[in-house]
Amino acid sequence: MLRRILAILAGRLVAFLCRCLKKGGTSLPGFLALKLDPDLIKGLIAGYRKVIIVTGTNGKTTTTNLLASILRASGLRVVSNSEGANMPAGVATALLGRRGEVAVLEVDEGSLALVTGQVQADVVVVTNLLRDQLDRYHELEQLAGAIKIALAHTPDAALVLNADDSLVTSLGDGRSTVRYFGLARTPWSQETTREVLEGHICPHCHQPLGFKFYHYSHLGDYFCPRCSYRRPRAEYEGRGLQLKPGGTDFNLVHPGGALFLHTPMPGIYNVYNILAAAGTALYLGVEPATIVRVVASFLPGQGRAEAFNLRDRRITLMLVKNPTGMGVALRTLATGRQKMAFLLAINDLAADGRDVSWLWDADLTPLLAVRGNPIICAGLRAGDMAICLKYQGIKAADLEVIPDPAASIECLLAKPVKEALILCTYTNLAVYRRLLQHRGARSEVTPGTSLPGVS
């Protein structure tokens, strides 16, 4: 008991000092507190009415923040690691703050077992499983196996799973309570794909899966030609999708009826995030009207397609960390733009993943549709990025290699365009955000909209 009291006091003191020094402090307080009491999370989580864990490769932070916002709007006191610090230290830091009734915790998929070993969750949401940081997570089948073991630590939790991801749906095998979310065929669905596919093997009989259509990567309507494994019926399904310049509209069909949802967030990937969060909220009994209202006003957090206004131009900052994320971001944010500048900032530090071979699997062809637009390659692996672009057909005359972040931003701002897109890996995210703000950029994210306090 004394050890726990000392750990809590030390963690809260460090959190206070971080706030005073304006040094962030989303993980350090919890890191130090866990050194003093390795079982601290188990003690801090006791007494919460509901505990929801959100994990997966892409979309964790947006899904977590949206779900937390919906639950707050329904009148609940919610604690969440809303800034995306999703390792055990980040979870502990969030729990060291004010107590609440409900905890909505984003958890790194590689650290899930460390958290479920101390937390008996009521609901676990799995967004998707995509190839990411091979040096940490290895192959997808290994990752899915590790997540299944982690879920065994919390056997009574209801699972909310992505029906369109064959690896994710396999996590529900043998579980008593499983709910699925998914997306029906859209005008943008494809019967074939040029993407390098992962997760296309049947998890039951290990034969290649067939697909009626793809949304992106291996997400779509799949079936096994040999056994009975196929996409399950989604209790929370998006239908009638309309992608518009001012946002996205679709219907969420659920067992109790249907909701018409409008979101200012772009892209199919954000539709999945909304389906995950809204489906979980419906499962928890939140009033549909509350969900509609929050989704309509919710904006993504820092670096999640965050838009800035600077020098009479709009600059979008987006985190990318795997081939699927890169390809989807380019298709969503670059398609249809006549004159636009691009900055691709790639690092290979530990938090980014040392192995950047994923760049070769990313579909960069949307940039071919905007030939003549300037493309700047930056970061520690700027040269690798430029070579990948060249091999996918981008002309050398359209490329500039400027590794230094500050110099690359100045180059971007010198381009005669009204729109620009910055795609960067994790360790570049805060750097470029700070560089933009120091030059007077104003973020379109309203403070407090999705970040009450990053995949």
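Including glycine, each Cβ sits where the backbone N, Cα and C put it.
Copied over from TrEMBL, here are the features:
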DOMAIN    54-182  domain 'Mur ligase central'
BINDING   Cys202, Cys205, Cys224, Cys227  Zn(2+) binding site
ACT_SITE  Asp355  active site
Fill in: Additional residues around Zn(2+), ordered along the sequence, whose Cβ is within 8 Å of the centroid of Cys202, Cys205, Cys224, Cys227
Pro203, His204, His206, Gln207, Leu209, Pro225, Arg226, Ser228, Tyr229
Item to complete: Express the distance between the Cα positions of Cys202 (Zn(2+) binding site) and the residue listed as 'active site' as a whole number of Å.
Response: 27
Worksheet item: What are the non-local neighbours of Cys205 (Zn(2+) binding site), defined as same-chain residues 6+ apart in sequence with CB under 8 A from its CB?
Response: Cys224, Arg226, Cys227, Tyr229
Worksheet item: Which residue counts does DSSP give the domain 'Mur ligase central' (54-182) for helix, strand and coil?
Response: 55 helix, 24 strand, 50 coil
Worksheet item: What three-state secondary structure does DSSP assign to Cys205 (Zn(2+) binding site)?
Response: coil
Item to complete: Give the number of CB atoms, excluding that of Cys202 (Zn(2+) binding site) itself, located within 10 Å of its CB.
Response: 20
Response to the item:
Across the binding-site residues (Cys224, Cys227), the Cβ with the fewest other Cβ atoms inside 10 Å is that of Cys227
Worksheet item: Can you check what DSSP calls Cys224 (Zn(2+) binding site), collapsed to helix, strand or coil?
Response: coil
Practice prompt. For the residue listed as 'active site', list the number of other Cβ atoms lying within 10 Å of its Cβ atom.
Written response: 12
